[in-house]
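Participant: Sending over a structure as structure tokens; questions will come in a sec.
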Amino acid sequence: MSTKSYDYLIKLLLIGDSGVGKSCLLLRFSEDSFTPSFITTIGIDFKIRTIELDGKRIKLQIWDTAGQERFRTITTAYYRGAMGILLLYDVTDKKSFDNVRTWFSNVEQHASENVYKILIGNKCDCEDQRQVSFEQGQALADELGVKFLEASAKTNVNVDEAFFTLAREIKKQKIDAENEFSNQANNVDLGNDRTVKRCC
């Protein structure tokens, strides 16, 4: 019997307008590389990275969705099962920021009720081209009730932090809560003295 190389699997989703840097952010996080050339994601792509949190190995399965309107119907199916969602906009593109509410509305409509969300203002290294201030980003995050970070895939600012913040919240609320429930169930079921061995 093969043993799993991780303790928990968490599915994350990257959403936002086309060109905001979703693929670049994912590439930086999963492979620590950056490409300046813009390649449009067709439909869906995903990458995997296993991280360690509180002594547990967490396998992150991160789905990169196409931002173009014609792919919206394809991507809605991928909201299901997602435990965390990164909503991205480009700080140099006000329109992508204005569209965050539409993306958020899609999440509310299609994702599970208690999915965790974080708002990311990408390309914060392009200070001279900035159209959206940090304060505007924070104000929108406060309005939507989500955490907020500015990041740069190019200069590797807050990239790990974005994914780790989301993973930490999910682990704390969902996985630890499940373990608590499981422990309570085990305490009640005193008649069952079987020893269950878990693979790690």
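Keep in mind that glycine also has a Cβ here, set from the backbone N, Cα and C atoms.
Here's the feature list from Swiss-Prot:
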BINDING   16-23, 64-68, 122-125  GTP binding site
LIPID     Cys199  S-geranylgeranyl cysteine
LIPID     Cys200  S-geranylgeranyl cysteine
MOTIF     38-46  motif 'Effector region'
Participant: Using CB atoms and a 10 A radius, I'd like the single residue among the binding-site residues Gly16, Gly19 with the highest neighbour count.
Facilitator: Gly16
Participant: Restricting to the motif 'Effector region' (38-46), report the mean pLDDT as a whole number.
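Facilitator: Across the residues of the motif 'Effector region' (38-46) the model's pLDDT averages 57 on the 0 to 100 scale.
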Participant: When you measure from the Cβ of Thr65 (GTP binding site), how many other Cβ atoms are you left with inside 10 Å?
Facilitator: 24
Participant: If one looks at the chain holding Cys124 (GTP binding site), which residues at least 6 apart in sequence have a CB under 8 angstroms from its CB?
Facilitator: Val91, Arg130, Glu150, Ala151, Ser152, Val157, Asn158
Participant: Relative to the Cβ position of Lys22 (GTP binding site), how many further Cβ atoms are located within 10 Å?
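Facilitator: Excluding its own Cβ, Lys22 (GTP binding site) sees 27 Cβ atoms within 10 Å.
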